[in-house]
Amino acid sequence: MADFIRQSGGYAVIDGGLATELERHGADLNDPLWSATCLIHSPDLIRRVHLDYLEAGASIIITASYQATIQGFEAKGLSREEAEVLLRRSVEIACEARDIYHERCAKGTCLEQRPILVAASVGSYGAYLADGSEYSGHYGAAVTLETLKDFHRRRVQVLAESGADLIAFETIPNKLEAKAYAELLDEENIKIPAWFSFTSLDGINVVSGDSLIECASIADSCKQVVAVGINCTPPRFIHGLILLIQKVTTKPVVIYPNSGETYDGVRKEWVKSSGVQDGDFVSYVSKWREAGASLFGGCCRTSPHTIRAISMTLSSYLQ
């Protein structure tokens, strides 16, 4: 990751919200599989959104596998083999988008030729439950470390062997799940690197109330983890969270906040608030860069317009 960041000029841009864009293009995501339902019904739409983000300046695109779990696909009536095919397909679609973008560059019709990574997304156990617990981290006493490892194990194995450049463990809501991921990476001898990205509602702890510093320390101690950071968190908290993470790791810091709106996990809808406009990300990015972050993008409710604003801001530092 450090080499990739250097090749990118010192900073790299991640893509933005996937579900937001899929819905904008007409996808119906009212399903427990959320954006992963498009792997079944409209893979071309996923590829289109990946390309939109590449055209906006993203150098890392994240696959549509956040809510794609073997257990979730089986609940829809698919076989385990079919579920694993769809997991691999999520990576293939992103790789196809990258190939198309590079072909456009070769013809002189793209923004710029640059290194591009495909990150295979792994969402939390709570994302599979689709009951809002991914936003609280409260899974109940019956869910143990072994429960989480058993749940994630095969998905991580499949994604690690799918052709992705790295695994993005996203929206991690508690320390227990971070520990499960770290142990899985070691136990399964996963060969590709990973990043751990946590979520916070108070600017100090992860959403479960666990200490962010303790969670980041778990990531720092895992040799496969090459970046540590925050996603799906209001932009106003990011600066302080970067400083907290840097107290326990020297690994690159990755940040991709949401728009600042609040998600109601019970009603399954976004609640209007003082969401950040695309232009406002410009001032935030400058502060995050000065605080020490290296990888910048957007999460829920952000768009290619947001990513273009981030990319243009970072490009100005490279001139």
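Heads up, the Cβ atoms here are built off N, Cα and C, so glycines get one too.
Database features (TrEMBL):
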- Cys232, Cys299, Cys300: Zn(2+) binding site (BINDING)
- 1-314: domain 'Hcy-binding' (DOMAIN)
### Message
I need the neighbours of the Zn(2+) site defined by Cys232, Cys299, Cys300. Which other residues of that chain put their C-beta within 8 angstroms of the C-beta centroid, in sequence order?
### Response
Gly17, Thr171, Thr199, Asn231, Thr233, Tyr256, Pro257, Asn258, Ser259, Gly298, Arg301, Thr302
### Query
Out of Cys299, Cys300, which of the binding-site residues has the smallest number of neighbouring Cβ atoms within 10 Å?
Cys300
